[in-house]
Amino acid sequence: MTPRHTRPPTDPPRQLESAHAHTPPVPLTPETALLQAIGWPVEADGLPQPPAWREKLAAHPGARPARVVEQHRSGYVVATAPDTTFTVESLAEWQRPRFPPEQRAGVGDWVLVQDSDNHRPQIVALLPRHSAIKRGAAGEHYRQQLIAANVDTVFVVCGLDADFNPRRIERYLLLVRGGGAEPVVILTKADQAALVDESLVPSAVAVVEDLGAKGFAVVAVNARDPASVIALLPWLGPGRTAVLVGSSGAGKSTLTNSLLGFDRMKTGAVRESDARGRHTTTYRALIPLPSGACLIDTPGMRELKPTGEEDVAENFADVEALAAQCRFRDCKHGREPGCAVRAAIEGGTLDTQRFASFVKLSGEVAGAATKLAHRRADNAAAKVQGKALNKRLDEKYGKH
Ligand SMILES: Nc1nc2c(ncn2[C@@H]2O[C@H](COP(=O)(O)OP(=O)(O)OP(=O)(O)O)[C@@H](O)[C@H]2O)c(=O)[nH]1
Ligand SMILES: [Mg+2]
Ligand SMILES: [Zn+2]
């Protein structure tokens, strides 16, 4: 008896083919070179590197890649080259009120855009992110908000004026650290520090030393002076993307303009009494710089709520190491005997305010994590219910 083949033996051995073998290579055209100028990661074969991106491109052969450069309430502005920007319609699915906001495109995202004869071009797909900087959205319900996507560096900006606040820097670092980008602390108004308050200088020096010891890069600049801001160029090489975050008045837009070489972003004077800004920047914008990098300027944040995904232990390794030495494993560092944390505070090796900040942030992250777990459980339950319903409909009416 001759053996029966399910497939003729001449068929190619499919399992040996890679999933992308049939994706036609995109030649390195002038268009892809322009895309590269706004951060598009192209390999030697002309395709972007991430396999998931190649698959999405293959799935939407008529669409072209673009980067989200501005996000307004009314919609998106995308770019296909440093000087080529246009408005687009968002994906219909994203307009559903219950769609998670952090899964919609944000500034820095790469999307695929489909042109149309009688409408505005439309976003048809979001390419997976390599980093996402997020925070908890203001308001009662648990929601996440995307600050920027596909960034390599997060510049945490804080002024060396009356607004200087080491605790706020700590909070920013906790939030941005897990997002997949390198945080760098920029202290602006270095030219003003001594004028405002003499005591600020030693306090700032202590913060710089402390952050340095924890492995963070810290740069002090005069954001108005182009000769001073060149200190940031190591993070702004060709193809790199950085985002500026910090409170209003910290100097984010001033930095952007100095790095750009002209005043593109509006800047606003701070209030004299407390150096607070007036929320001059109102939308996020990605700006290609002469250095070949892209810089994202953002509005100053009023509130910085954790998403629940932050790693408090990683950010407070000093406190955690002390806590491990407490006599009781569940020590609350209150009145328990043999508490190493309290001993360190009393001995002056742990700052009281840093410990207070650890307690507060641990509580906030744990609270947000609980809400996030509930949201995930609700979503999973909704999915199961949806599947069960589909199964019942299939049984009753046949596959639909
Ligand atoms: N002397 C001095 N002034 C600065 C420096 N950085 C910013 N400023 C001033 O601080 C004020 C606020 O700067 P902006 O760049 O508008 O601040 P921002 O962070 O963009 O603020 P928002 O857009 O409101 O979030 C402006 O008057 C700037 O000129 C600095 O390094 N030195
Ligand atoms: Mg601004
Ligand atoms: Zn203790």
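Quick reminder: no glycine exception, Cβ is built from N, Cα and C everywhere.
Those TrEMBL annotations? Automatic predictions, nothing curated.
What TrEMBL lists as region 'Disordered' is 1-28.
TrEMBL lists 143-304 with the feature domain 'CP-type G'.
The domain 'EngC GTPase' annotation in TrEMBL covers 149-302.
Secondary structure from DSSP puts K252 (GTP binding site) in a helix. The GTP binding site annotation in TrEMBL covers T188, K189, A190, D191, G246, S247, S248, G249, A250, G251, K252, S253, T254.
For C326, C331, H333, C339, the entry in TrEMBL reads Zn(2+) binding site. Around C331 (Zn(2+) binding site), the same-chain residues at least 6 positions away in sequence with a Cβ under 8 Å from its Cβ are A323, G338, C339, V341.
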One finds that other Cβ atoms within 10 Å of the Cβ of A250 (GTP binding site) number exactly 30
Widest Cα pair spacing in Å over the listed GTP contacts T188, K189, A190, D191, G246, S247, S248, G249, A250, G251, K252, S253, T254 is 19
Nearest-integer angstrom distance between the alpha carbons (Cα) of T254 (GTP binding site) and H333 (Zn(2+) binding site)
43
Listed binding-site residues with Cβ under 6 Å from ligand 2, out of A190, G246, A250, K252:
K252
